[in-house]
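Here is what TrEMBL says about this protein:
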DOMAIN    85-301  domain 'YjeF N-terminal'
BINDING   Asn135, Asn136, Gly137, Gly138, Asp139, Gly204, Phe205, Ser206, Phe207, His208, Gly209, Ala210, Asp242  (6S)-NADPHX binding site
BINDING   Asn136, Asp200, Ser245  K(+) binding site
Amino acid sequence: MRNVMRRVRTMTFTFLLQSPPLPISPSPPLFSLYPLPLPTQRFFTPSQGSRLRSASVRTLCTKSIIPNMQDSGSPPLSYLTQREAAEIDETLMGPLGFSVDQLMELAGLSVATSIAEVYKPGDYSRVLAICGPGNNGGDGLVAARHLHHFGYKPFICYPKRTAKPLYTGLVTQLESLSVPFVSADDLPEDLSKDFDVIVDAMFGFSFHGAPRPPFDDLIRRLVSLQNYEQTLQKHPVIVSVDIPSGWHVEEGDHEDGGIKPDMLVSLTAPKLCAKRFRGPHHFLGGRFVPPTVAEKYKLELPSYPGTSMCVRIGKPPKVDISAMRVNYVSPELLEEQVETDPTLQFRKWFDEAVAAGLRETNAMALSTTNKDKKPSSRMVLLKGFDENGFVWFTNYESKKGSDLSENPSAALLFYWESLNRQVRIEGPVERIPESESENYFHSRPRGSQIGAIVSKQSSVVPGRHVLYDEYEELTKKYSDGSVIPKPKNWGGFRLKPNLFEFWQGQPSRLHDRLQYSLQDVNGNPAWKIRRLAP
């Protein structure tokens, strides 16, 4: 129950600190507290009780709703004290009917989605979740399960397991996914070599006192990772759940010797200690606050975008663009290993990109120039290729269609980031036969067919409503399933390659570049392979 109420306190703090001062009133709160005896001292230590003794919980709320001063350009933000977080959680799990497992599931999902917003699995796949014995640890277990489904490779360090069914069930779920559990003794002293992300889910806002073994040593190892900040060596990022473990819930890292996470995921609302967070990524998670609670406490919280379970607090960190770089590590691309026919080599790489699960593997940059040699580029989708060329479809009266009518040559560029690969293709362009365009047009979804009629591509429109209105009109017209006619100004182009370049990223910028150029050999076309300097 102490763990349950620890989560209650956390959520309460978040809500209360965001609101403006409330009037002090002796009347009972709008919502009754968690249906247990009122004394919440069972959830606080005597020292906490003396710190929190106040005539009224509402008085506490009034004093703790503090605007965010870290970024003057950010909207107002509330921060919660320990007592306030407890009251809100008690309200959620009392009269509002939430169970602790529901809140834990939503909190863990929020942590996982926050991580996925910044640290993509292609670069940060190995995740170590260090979980404590309470609700904060439960959040970490849930987050690890979701991260597994997001494509990460989580590992769990769970030294002090809780025997309650909620926690044993989470362990069973992870074991069924073959997620490894690692003891604290088996973890390497230097965590930087084996993990890309470390989720700090040891202690939450109800923790007090000095961490006991083995958590004291685990915190020490996380603190030691900060030494890598002074080197160019990549080090694991630390993501703290709600409260960086070892921090005081209100005073933060007051001795300046604790964990300094790269990301903090505040649950329900930030706690007071979050004002002292100086990392680059602060997110809010736990999208379960009813409007009645937000209104009661006049909470100032950022709005969640769309269907997201997390929202960034403050502005994204400023980036030194000149310092942004990746040291590629890839298999060598050697002349004796590639196909002699570049189309076959492209097929090989394309199939490998598809097998790797890349999104829109067929997306390519199409560059054209008009009669005045003015270039333009845009992303289009490859819809077919063979020894005759590479095909895409568009409106012939669009900007790219106009360019190609004036200068029928183009360049294509495919970029498959997670494989460290690019392919450039150049050559003359021609329209494909009308019959091929007709067949492809009618293979498209009916909505896309109607969209091709509605869009006079690259022309100026007075507003989006014009497109919607015409789309709805045509949708009704062809609702009987009749054939939708292909616009005469819509069809396919085919680029016939005379040059390919296959690029494979390598360490220290010594990239592999193999160029195929079409040359005449004894009156016959032939491909010549040459290596280019990176």
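Glycine too: its Cβ is placed from the backbone N, Cα and C atoms.
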Confidence summary for the domain 'YjeF N-terminal' (85-301), mean pLDDT rounded: 91
For the binding-site residues Asn135, Asn136, Ser245, the one whose C-beta sees the most other C-beta atoms within 10 angstroms: Asn135
Inter-residue C-alpha distance, Asp200 (K(+) binding site) and Gly209 ((6S)-NADPHX binding site) (nearest angstrom): 18
Residue pair Asp139 ((6S)-NADPHX binding site), Ser245 (K(+) binding site) - Cα distance, angstrom, rounded: 14
Greatest C-beta neighbour count within 10 angstroms, which of the binding-site residues Gly137, Gly209: Gly137
Shell of the K(+) site beyond Asn136, Asp200, Ser245, same chain only (C-beta within 8 angstroms of their C-beta centre): Ile130, Gly132, Gly137, Gly140, Ala201, Met202, Phe203, Gly204, Ser240, Val241, Asp242, Ile243, Pro244
Nearest-integer angstrom distance between the alpha carbons (Cα) of Gly137 ((6S)-NADPHX binding site) and Ser245 (K(+) binding site): 11
Fewest other C-beta atoms within 10 angstroms, as judged across Asp139, Asp200, which are the binding-site residues: Asp200
Between Asn136 (K(+) binding site) and Phe207 ((6S)-NADPHX binding site), the C-alpha gap once rounded to whole angstrom: 10
Per-residue Cβ crowding (10 Å cut-off), top of binding-site residues Phe205, Asp242: Asp242
Longest CA-CA distance among Asn135, Asn136, Gly137, Gly138, Asp139, Gly204, Phe205, Ser206, Phe207, His208, Gly209, Ala210, Asp242, per record bound to (6S)-NADPHX, angstrom: 22
